[in-house]
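Enquirer: Handing you a structure now.
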Amino acid sequence: MDSQNAKQRIRDTDYDHYISNPTKSKDNSRTVRLKREKRVAMAKHGIRSLAIAVALPFSLTLFNLYFFGTTKGYGTSTGSISMPFWFPPPWALHMACMTSSFLMGLSAWLVWAEGGFHRNPAALYLYLAQLGLSLAWDPIVFRMVAPGVGLLVCLAALGALVGCFRQFKEANPIAGDLVKPCLAWASFLAIVNLKLLFL
């Protein structure tokens, strides 16, 4: 009986505490509302920055392929050159380039969200280097028909991707994993470029 009375007194005390402090209850609700609004604002900012990080390199790659991604230097424009069976068709090559650009943009955004570019600016420089080299490869190989120079550019882009992989995985392991398919594609592209030298 005594224990029940003690519990009832505790409940009454707690109830009286909140009733006698309405200001504190209002402050708590205001704090919760402000935190919720802050989270919503951060989510909107994150979605906007993600869209920019992915759309910008993807748009540049699409623009590059549209104006410079002809098959002139790929040995398929006239059909007189027999291409190896493992050579991807031009449309597949372009789709892979756009996919790689998308993945790298997403990976870079994950690193940026973790503050990796601020802590380690070299990661940003490597990302911009691989983006520029990737964009340069298409006009060099397809429009200028210079597979030798294209091979050097491709190898440089591959080296920049290796650097991105090492830097990105330290900031965000998922970002590092997203670079792996791009590394595989760049390696295959270097082999294709090497084969173009002998066609």
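Cβ from N, Cα, C; glycine included.
Dumping what TrEMBL says about this protein:
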type     : residues : note
TRANSMEM : 46-68    : transmembrane segment
TRANSMEM : 91-112   : transmembrane segment
TRANSMEM : 124-142  : transmembrane segment
TRANSMEM : 148-166  : transmembrane segment
Enquirer: Determine which residues of the chain contact the transmembrane segment (91-112) at the Cβ level, with the cut-off under 8 Å and only residues 6 or more beyond its ends counted.
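Expert: Distal contacts: 49-50, 53-58, 60-62, 65, 69, 74, 123, 127, 130-131, 134, 138, 164, 167-168, 171-172, 174-176, 178-179, 181-182, 185-186, 189, 192.
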Enquirer: Cβ under 8 Å to the transmembrane segment (46-68), counting only same-chain residues 6 or more beyond its ends: which ones?
Expert: 94, 97-98, 101-102, 104-106, 108-109, 112-113, 131, 134-135, 138-139, 142-143
